[in-house]
């Protein structure tokens with residue numbers, strides 16, 4: 001597969017001299033189908049394609065490529081049969097004959113079609129060579145299908161982009177005509193599926209925040225985040241600044257996604273097996289402990305927290321949690337942009353380590369960066385968590401009860417003095433999982449429902465499926481994935497493309513002034529050094545120790561140098577570091593200095609990490 005192409009694009013461009021095409025080469029619409037002759041959906045789609053060709057005429061070019069059903073000998077024989085008669089100009093005759101069979105394709109059908117088309121005597125010289133050429137052509141189409149992300153047959157590509165919508169003529173026509181809704185949806189999907197997209201969104205939001213903060217609009221921009229919003233009821237009011245609503249409210253979605261990802265990794269993911277989990281766990285622990293210790297060594301206590309303090313418990317002492325964090329989105333985005341220069345196994349390792357890192361950051365925030373505890377509200381939060389546990393234990397799979405209780409939980413957690421975003425983690429623990437369904441049984445059930453509906457004739461054509469049928473199909477759809485998996489699938493892109501960019505926009509703005517430096521130089525140097533040096537040092541030290549002691553094994557797919565490069569990328573603290581800094585430094589000047597240090601340390605870590613990984617691969621290619 002071409003690594004430069006998005007995963008939902010045609011890997012192999014259409015070639016009229018090679019491909020089987022119907023329609024002019026300069027047609028504005030090219031519809032490519034990967035299909036199988038032994039597949040009822042492909043035969044049904046053949047009729048839809050005929051309607052589309054009739055509707056669009058010379059505006060459309062149709063291309064057929066083989067993707068025989070896996071494990072079906074008759075499907076493979078049919079595809080090779082068609083290809084073996086390609087040179088005699090009978091491809092489309094055979095194609096239409098095979099696609100027009102209404103019953104399940106059999107060997108007798110092939111004999112009948114050959115007889116009907118009078119192909120018995122059409123035996124080219126060198127039968128073995130013809131058969132081999134046909135096999136090679138089918139194999140080439142299968143390879144192209146796999147590289148283009150084809151999973152089912154038929155799969156359509158419209159002007160090079162995979163079409164994932166319904167197979168009815170109206171839906172296909174709208175996609176082919178490029179309606180505004182379809183174009184916007186397709187562009188959004190392309191961007192979202194591009195691996196570096198989340199990092200780019202964060203980078204743009206950060207750059208915008210910094211530019212606006214240092215422009216003539218800076219005072220208004222910063223004042224906007226301090227606008228107070230809330231609910232007033234009679235003489236009572238609950239108000240927070242817009243920035244606090246984002247940091248304490250909107251960011252709950254991010255922590256909910258993190259919690260669901262942690263849950264997945266420890267149940268069916270890379271952390272489910274001890275042997276594969278130990279290396280990233282060791283790396284994450286080292287990558288948290290060493291930067292924190294380095295910060296405490298390098299950074300002085302700073303000014304006292306309050307008048308009358310003896311200075312030993314200074315304001316800067318609480319910032320040791322800042323360099324512990326890793327921004328997974330940025331780190332993975334950089335690895336993805338380097339393509340094949342970075343082994344897939346290293347990306348898996350860094351992702352797993354970042355998950356463990358998130359657990360550590362959550363624990364640190366809960367214990368060290370929460371306010372004064374209010375026992376009554378904390379007890380209420382525990383009671384709500386108990387209700388969530390009862391729902392989980394009782395097999396309640398609807399999302400709405402969990403969402404409602406999750407909102408109530410957030411209120412009590414916020415009021416208790418514990419950081420409110422931890423409500424997202426607690427909620428994630430109780431969102432239920434389920435064993436995988438019996439797909440064959442669900443498919444038969446859905447087929448039975450739809451077959452019964454089609455017997456209603458004109459009524460179903462005018463009004464669609466009946467309400468009982470829709471409810472039954474909804475139940476089948478709900479069973480396809482667990483509530484936890486469904487919630488993660490829906491919330492993860494919203495967290496990446498909405499929550500985190502908004503958080504960066506609200507928190508990354510810093511006015512760069514010479515006054516920020518001055519007495520804050522030790523704080524800034526210590527924070528940046530802990531990120532740039534502490535992270536890779538902790539990664540390497542902990543992983544080498546774990547491997548030497550026999551607790552973990554390092555895959556051969558990547559070298560120690562590449563692991564060090566991943567450790568350097570883990571020094572990109574950014575969003576989580578900004579979040580912890582916002583809790584650790586209540587003073588505006590301290591927070592501004594910490595933000596500059598986080599930016600500088602993260603940028604330097606990114607440059608060092610990319611350089612190490614780039615040169616490590618070049619060195620391996622030079623000395624295989």
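Even glycines carry a Cβ here, placed using N, Cα and C.
As stated in Swiss-Prot, the feature transmembrane segment covers range 371-391 out of the listed 161-181, 371-391, 434-454, 455-475.
Residues of the same chain lying 6 or more positions beyond the ends of the transmembrane segment (521-541) and with a Cβ under 8 Å from any Cβ of it are 283, 285-295, 298-300, 302, 316, 319, 322-323, 326, 353, 560, 563-564, 566-568, 570-573, 577, 590, 593-594, 596-598, 600-602, 604-605, 608-609. Sequence-distant neighbours of the transmembrane segment (279-299) (same chain, 6+ residues past either end, Cβ-Cβ under 8 Å): 270-271, 316-317, 319-324, 326, 349-350, 352-357, 360-361, 522-523, 525-527, 529-531, 533-535, 537-543, 545-547, 551-554, 563, 567, 570-571.
Away from its own ends, the transmembrane segment (565-585) comes close to residues 202, 206, 247, 251, 283, 287, 291, 315-316, 318-319, 321-327, 329-331, 334-335, 346, 349-350, 353-354, 357-358, 361, 364-365, 369, 419, 500, 503-504, 507-508, 531-532, 534-540, 558, 591, 594-595, 598-599, 601-602, 604-606, 608-613, 616 of its chain (Cβ-Cβ under 8 Å, at least six residues beyond either end).
Within the chain carrying the transmembrane segment (596-616), a Cβ under 8 angstroms from the stretch's Cβ atoms is held by residues 206, 322-323, 327, 330-331, 334-335, 338, 341-342, 508, 510, 512, 516, 523-532, 535-536, 559, 561-562, 564-574, 577-578, 581, all 6 or more beyond its ends. For the transmembrane segment (199-219), the neighbouring stretch richest in Cβ pairs under 8 Å, chosen from 319-339, 371-391, 407-427, is 319-339.
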